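Features as listed in TrEMBL:
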type     : residues : note
DOMAIN   : 42-370   : domain 'Tryptophan synthase beta chain-like PALP'
MOD_RES  : K69      : N6-(pyridoxal phosphate)lysine
ACT_SITE : S114     : active site, nucleophile
Amino acid sequence: MLRTSLQVPERLAQIPHYPILYSHPSPIHPLPTLTSSSLPTTPAPHSPKISIFTKREDQAAPLACSGNKYRKLEYIVPDILSTAPKHGHHEYHPSDQPLPGRSTILVTEGAIQSNHTVQVAALARKLGLKALVLLNRGTGGGLRNASDKASFLRTGNVQINRLLGAEVRVLDEGDPLSGDADPVLRELSAKGEIPYWIPGGASLHPLSGLGYVRAAVEIAQQETEMKLGGSGRFDFVFVACGSGSTVSGLIAGFKMLESGEAQGGLPPRRVIGVLNSPTKPRQYHEERVLRFARREGLLVGLDAEKDITMADVRLEDRFVGTGYGVLDGDTRVALRHMAEREGVILDPVYTAKVARAMLQWVHEKEIRDYADDHAMKHVNVLFIHTGGQAALGAYADVDWE
Ligand SMILES: *Cc1c(COP(=O)(O)O)cnc(C)c1O
């Protein structure tokens, strides 16, 4: 827990922010057994010590199923609550006209077991608003691979959305609304509602990335207070990359800090975004993450084009598996490993793939080369746990053996 309150750089502090998370930072704790069991059994003579920690975004907020979307929403709420919301239009129908008044209902979309929709629905209820969520049967392979489809369609996050009193509409594969949901917004407007649209994963919302810019500030402050060994920093940060503004916010946030801090010869922190879906190629995500990171950079006063480049965007695509939301063998092993060795439960869609990737990196050259290049005997690695465990119930038919 931070002993001092978060010291937010001035440019960021000036941007409207509505607290949803706990007032203390999400905890960071070591993963000691993972640290020892993931190292090669006979370390090479120059192998650095690698310490693995996790930041628990699944324990960041008091609302339902804490996860990374609440941080993004902290910077979106001021617009939602304004009397002339600017950014509530569907992404395919941008407009300079604000919504005609304060929003009455939040509308969003996701895969059947979307964590994002639950966080939007819980926030809506907390703000006294209604919620409508569109769940796409065609997104990813979770549903397709489930042996008990009826169960996949009503347990986990679907159940929680209903419990929150969100209106849930399940869209068939190929339903035009799953491409463009604007007709739903028009339908609501015709009934006298003022719908506020939040894109899937929120990343296309222009303010969504600021949450993880702020998280970078929080992490940097926790580094100082934890008195880490080695460089005193988390040299590598592993995080899931889905819609992209979690990883882009962290990239921009560390840039912002490192452009101000005296570096003392330290290399920049390296953020590794771990992809979890084979649907789109890595280049597609790299382009998006760079665009988002520059968007965030601009908002906090960086010279975005110059300060943030493709060299800052590191995306890992070897562990996407066979489909979004499909629990392949390697991912299952990582999930079990974390549960059995650390008693920590990951989610089946994102964080299990991140853990899998991180453990692979610990065995490979890049971290060791980095340590060699910078004459470091000790490297600190941070794994961001972005939540999502509520989906596990829908994967009850998975064979864990
Ligand atoms: C949405 C989500 C992510 C991905 O975050 P993006 O900002 O969309 O890249 C990662 N983990 C969990 C558990 C999520 O729900």
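Cβ coordinates come from backbone N, Cα and C, glycine included.
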Pop the Cα-Cα gap between K69 (N6-(pyridoxal phosphate)lysine) and S114 (active site, nucleophile) into the table, whole Å please. 11
Here the 10 Å Cβ neighbour count for K69 (N6-(pyridoxal phosphate)lysine) comes out at 35
Would you mind giving the whole-number mean pLDDT across the domain 'Tryptophan synthase beta chain-like PALP' (42-370)? 95
